[in-house]
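A quick write-up on the structure given underneath.
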Amino acid sequence: MLGIWIVAFLFFGTSRGKEVCYERLGCFKDGLPWTRTFSTELVGLPWSPEKINTRFLLYTIHNPNAYQEISAVNSSTIQASYFGTDKITRINIAGWKTDGKWQRDMCNVLLQLEDINCINLDWINGSREYIHAVNNLRVVGAEVAYFIDVLMKKFEYSPSKVHLIGHSLGAHLAGEAGSRIPGLGRITGLDPAGPFFHNTPKEVRLDPSDANFVDVIHTNAARILFELGVGTIDACGHLDFYPNGGKHMPGCEDLITPLLKFNFNAYKKEMASFFDCNHARSYQFYAESILNPDAFIAYPCRSYTSFKAGNCFFCSKEGCPTMGHFADRFHFKNMKTNGSHYFLNTGSLSPFARWRHKLSVKLSGSEVTQGTVFLRVGGAVRKTGEFAIVSGKLEPGMTYTKLIDADVNVGNITSVQFIWKKHLFEDSQNKLGAEMVINTSGKYGYKSTFCSQDIMGPNILQNLKPC
């Protein structure tokens, strides 16, 4: 896989100044703005619609397992299908060289939640090679726009009810379609492709003007390929989400180990796995969010470094957005500001969602001791595991704070448990307790306080009560 990307950067030789026109779709040039930067030096003319053979495959609650192929060229196929003109339409758009499995999985999950028109776009004939796919996505984007235009004119269907979900090159393809349809409802970019799109004009790539609301999930972002990323680091939506920093996802292969062992065959295999894993996380996160409306809360921050340092655990009274399907519920979703970068952490395996808590504990006791303090928070049904809050010198009267990412959503906090464990060579008989614990969590930053007057020996559980 890496070789394809490198060839894409190094290959030159396409002539300039040509134009091709296709009935229904209009004309396409190979000049500006597609030749404005080095990263688009390979631009050429897109293939004909007949050669690409874009297909629209409809799934609904009436046919969740077997698609109906519908066509704007023959609108009677739409009329004869289960397409509902009173329903929202979500179109899943794959990127380069994709077999369509994630699209089918996406429709399957969406239809568990909603009675919608779920359409998978098949343009595999035009996307088997990356360089051709970059050029062909303009024609395919025009095909999507033509499809929506037919819905508008023949079925009085509002473009505001259309949501395009595009992965990799499919994100920019969605942007091309949106730029042709004023009032398009929403575009979700899933790790938009970087090569040939980094630092390009907005006419070339996905940007906030392409729909009423554009949200983006970055999972393998880089400024250049050799940063080991095939997505773009650039913000290109109203809300841009950078889970785990947006570059390398936990659970994806480590490239360093085989390289240090000089096992280059293993390294080549790991490289392909690395790109595929990180790039795919974007649609995996989105799919998981569909049935978890309270998951993937994200926080505004200048950088992931600052987020990890605990400097960005703040939501305004309007709350923080959630990454994924329910991002459009965010109050400020249409405001493109400098604060549109949002960060969060995920797990390394599915279920990926994590719920962030800020835990502050004030210790009580008589003497300083050496050990580790653990807290566990619980709701009406579930509890988190134990989280280490502080380790080392434990001083009564001091307050210690830690941000933790829980793998369960406990909802409203109803209980807090405290336990401390002394260090191996600590032989004192000291007792410690949690005088007060403050938990801050949720998209609105809810605070809850728990208290106790007890002090306990090591390894003895202390239960705190609301106060």
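Each Cβ is built from the backbone N, Cα and C atoms, and glycine gets one as well.
Around the Cβ of Ser168 (active site, nucleophile), a 10 Å sphere holds 29 further Cβ atoms from the protein chains shown. The secondary structure of Ser168 (active site, nucleophile), as reduced to three states from DSSP, is coil rather than helix or strand. Under the heading active site, nucleophile, Swiss-Prot lists Ser168.
Asp191 (active site, charge relay system) falls outside any helix or strand according to DSSP and counts as coil. When Cβ atoms from all protein chains are considered, those within 10 Å of Asp191 (active site, charge relay system) total 29, not counting its own. Taken from Swiss-Prot, the feature active site, charge relay system covers Asp191 (among others), and the record attributes it to sequence analysis.
Feature annotation from Swiss-Prot assigns active site, charge relay system to His279 (among others). Long-range neighbours of His279 (active site, charge relay system) (same chain, six or more residues apart, CB within less than 8 Å of its CB): His167, Ser168, Asp191, Thr219, Asn220, Val230, Gly231.
Close to Cys27 (disulfide bond) in the fold, though at least 6 residues off in sequence, lie Glu19, Val20, Cys21, each with a CB less than 8 Å from its CB. DSSP assigns Cys27 (disulfide bond) to a strand in the three-state reduction. Per Swiss-Prot, the feature disulfide bond maps to Cys21-Cys27 (among others).
Under the heading disulfide bond, Swiss-Prot lists Cys107-Cys118 (among others), citing similarity to another entry as support. On its own chain, Cys118 (disulfide bond) has Leu58, Tyr59, Thr60, Thr89, Arg90, Asn92, Met106, Cys107, Leu110, Leu111 as residues at least 6 apart in sequence with a Cβ closer than 8 Å to its own Cβ.
If you draw a 10 Å sphere around the CB of Cys252 (disulfide bond), it holds 21 other CB atoms from the protein chains shown. The disulfide bond annotation in Swiss-Prot covers Cys252-Cys277 (among others).
Taken from Swiss-Prot, the feature disulfide bond applies to Cys301-Cys312 (among others), supported by similarity to another entry. All protein chains shown were included, and the count of other CB atoms within 10 Å of the CB of Cys312 (disulfide bond) stands at 20.
Within the same chain, residues at least 6 positions away in sequence whose Cβ sits under 8 Å from that of Cys320 (disulfide bond) are Ile297, Ala298, Tyr299, Pro300, Phe330, Tyr342, Lys443, Tyr444. Positions annotated as disulfide bond by Swiss-Prot: Cys315-Cys320 (among others).
Residues annotated as disulfide bond in Swiss-Prot: Cys451-Cys467 (among others). In the three-state DSSP reading, Cys467 (disulfide bond) counts as coil.
Confidence for the domain 'PLAT' (355-467), expressed as mean pLDDT, is 93. Annotation source Swiss-Prot lists domain 'PLAT' at 355-467.
Positions annotated as N-linked glycosylation site by Swiss-Prot: Asn74 (among others). A coil conformation is recorded for Asn74 (N-linked glycosylation site) in the three-state DSSP classification, outside any helix or strand.
In this view, Asn125 (N-linked glycosylation site) is surrounded by 16 other Cβ atoms within 10 Å of its Cβ, with every protein chain counted. Annotation comment: Swiss-Prot describes Asn125 (among others) as N-linked glycosylation site, evidence class sequence analysis.
According to Swiss-Prot, the feature signal peptide maps to 1-17, an assignment based on sequence analysis.
Working note on the disulfide-bonded residues Cys277, Cys301: by count of other C-beta atoms within 10 Å of each C-beta, Cys301 ranks first. In the three-state DSSP scheme, Cys118 (disulfide bond) falls into the strand class. Following the DSSP three-state reduction, the secondary structure of Cys315 (disulfide bond) is coil. Secondary structure at His279 (active site, charge relay system), as computed by DSSP, is helix. Checked against Cys277 (disulfide bond) by C-alpha proximity, the recorded positions Asn125, Cys312, Cys315, Cys451, Cys467 yield Asn125 as the nearest.
A strand conformation is recorded for Cys21 (disulfide bond) in the three-state DSSP classification.
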